[in-house]
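Enquirer: In case it's useful when we look at the structure, here is the feature table from TrEMBL:
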DOMAIN    15-262  domain 'Nodulin-like'
DOMAIN    357-519  domain 'NFD4 C-terminal'
TRANSMEM  16-36  transmembrane segment
TRANSMEM  79-101  transmembrane segment
TRANSMEM  107-127  transmembrane segment
TRANSMEM  148-168  transmembrane segment
TRANSMEM  174-198  transmembrane segment
TRANSMEM  210-231  transmembrane segment
TRANSMEM  243-267  transmembrane segment
TRANSMEM  351-377  transmembrane segment
TRANSMEM  397-417  transmembrane segment
TRANSMEM  454-476  transmembrane segment
TRANSMEM  488-512  transmembrane segment
TRANSMEM  552-574  transmembrane segment
Amino acid sequence: MGCFSERISLFFNNRWLVFVAAMWIQSCAGIGYLFGSISPVIKSSLNYNQRQVARLGVAKDLGDSVGFLAGSLSEILPLWGAVLVGAIQNFVGYGWVWLVVTRRVPVLPLWAMCILIFIGTNGETYFNTAALVSCVQNFPKSRGPVVGILKGFAGLGGAILTQVYALMHSPDHASLIFMVAVGPTLVAIAVMFIIRPVGGHRQLRSSDGFSFSMIYSICLLLAAYLMGVMLVEDLVDLSHTVITIFTVILFVLLLIPITIPITLSFFRDPRSSLDEALLPETPKQEAGKSEEDEQEIIFSEVEDEKPKDMDLLPALERQKRIAQLQSRLAQAAAEGAVRIKKRRPHRGEDFTLMEALIKADLWLIFFSLLLGSGSGLTVIDNLGQMSQSLGYDNTHVFVSMISIWNFLGRIGGGYFSEKIVRDYAYPRPVAMAVAQLIMAVGHFIFAMGWPGEMYIGTLLVGLGYGAHWAIVPAAASELFGLKKFGALYNFLTLANPAGSLVFSGVIASSIYDREAEKQAQGRNHIHRSLLSSFSSYVHLEEPLKCEGAICFFLTSLIMSGLCIIAVILSMILVHRTKPVYAHLYGRSRR
């Protein structure tokens, strides 16, 4: 009995259990990618035009990216408390949107709908923060694969929830919004006490390689399965029983990773787990000493005080002399005779957000991410209208497909960027440049309107967009440290809504509405003056609809050009950070 209770304790304190639970909650943290499916319902129900839908999309992107509140609360509350706050926001925000769309409550003005979308989507930031913080602390030596897999499941969330929606077999498309409000809330509440740093055993273990290989295999199988199911459901009219079977198999695939912590906890010698042992706990701080005091003290005065011939001494003798000089300076500083200045961190060391903000590298990452991911998000937010304009009835298929490619892009981006830095000690941002080049080609294909453009375009843009969110967090942690990783990550995510605001909220929506108005004028043979056109727009007499490849032709060309600029910025970053990566990873290759 004692042995069984010990194994139960090992199971609930196993970091792989935390990782698997984080994967599950991340699969519900991608509800923002379903906006392309729910926006046509909102547009038709509330009689919006494309510009108003774009404003809702910007509100969604802001909610998905503004994680400062989530980061702050995570430092005050336990992680389960942060997850609970996110679940409540998700339920209230999207639940109220569903009530408005189905006319169960009075229709709200556009600004109020934007607030609801923001609140609902902002719940994702709590799920992201809890999952990333706990797993990066539990797997600090494998943060590239861990971040890639977790962010990958967030990208796959749209496809998973779409398949669950297909199971509901509801002719009312507004029920998708109801599912978005309820589904992630229930999953978050179910796993919120599991997601946490479990303390110790954070070093690499002999079993980690096999466990990660198994996770990668499940990820690829899951993506291939979802892609096959979506294509079959699009091409064949399936019965509800077959769709139910497909969905059950999906849930089985999602549950398979739980076998890893079960095997490690119940089918291995517990002594071997203990012998692989926990890392020693950090000693408790002495009373009156802050964390800053416990760090290594670096005296800038050493350079001023040391004799000029000290550098000519043998290495051991030089270190001994410097240590003696530091000791004398420390004593003088304690007596107030010397003022000690703190050295600013160099790239590869721990930065605060304020210290990082004055570094050109951070802004290169930010603007490259803004152009790359912002252009990809423009496609994701307008995918429903893009597919409708080309005559496709089932927009959910393309939303699911880009979600799957997004997932594979994140998994692949994390894996290949890790190979680049560990095998070649080459800067990780080069992988981001490759992803942006792939996106530029995808946007160009969207612009050309060739046969099958929706399938090829979603493939390329989805892969490139997803890769950003596996590469950027890992690169930021390498250049600016893990100590303030949450603040740095949440700052960089602001690139998403900033890009969406300009590219989708201004460029794409304006071009779409202009083309739609031209087509409406041509169909009705009405020559309106500028004043009457403006009046029609203000009073929103009817939603504007555009048909044909022309609707997003110019937008896609602009997005392709922006991705090329992003490639240039990424390569500048690669050139600047070569010495950093050579220092971080060059030694491990020797």
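Placed from the backbone N, Cα and C atoms, the Cβ positions cover glycine too.
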Enquirer: Suppose I define contact as three or more CB-CB distances under 8 A, residues 6 or more apart in sequence; do the transmembrane segment (488-512) and the transmembrane segment (351-377) meet it?
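Expert: Output yes: the transmembrane segment (488-512) sits against the transmembrane segment (351-377).
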Enquirer: Mind checking which residues of the chain, 6+ beyond the ends of the transmembrane segment (174-198), have their Cβ under 8 Å from one of its Cβ atoms?
Expert: 12-15, 17-18, 21-22, 24-25, 27-29, 31, 34, 37-38, 41, 45, 78-80, 83-84, 86-88, 90-91, 93-95, 97-98, 101-102, 120, 123, 127, 130-131, 133-134, 137-138, 161, 164-165, 168
Enquirer: Have the transmembrane segment (397-417) and the transmembrane segment (210-231) got at least three CB pairs under 8 Å, pairs 6 or more apart in sequence?
Expert: yes
Enquirer: Let me know the model's mean pLDDT on the domain 'NFD4 C-terminal' (357-519).
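Expert: Overall, the domain 'NFD4 C-terminal' (357-519) comes to a mean pLDDT of 85.
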Enquirer: Hey, which bits of the same chain come close to the transmembrane segment (552-574), Cβ under 8 Å, at least six residues off its ends?
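Expert: Non-local partners: 361, 364-365, 367-369, 371-372, 374-375, 378-379, 382, 386, 389, 426-427, 429-430, 432-433, 436-437, 439-441, 443-444, 446-447, 449, 464, 503, 507-508, 511-512.
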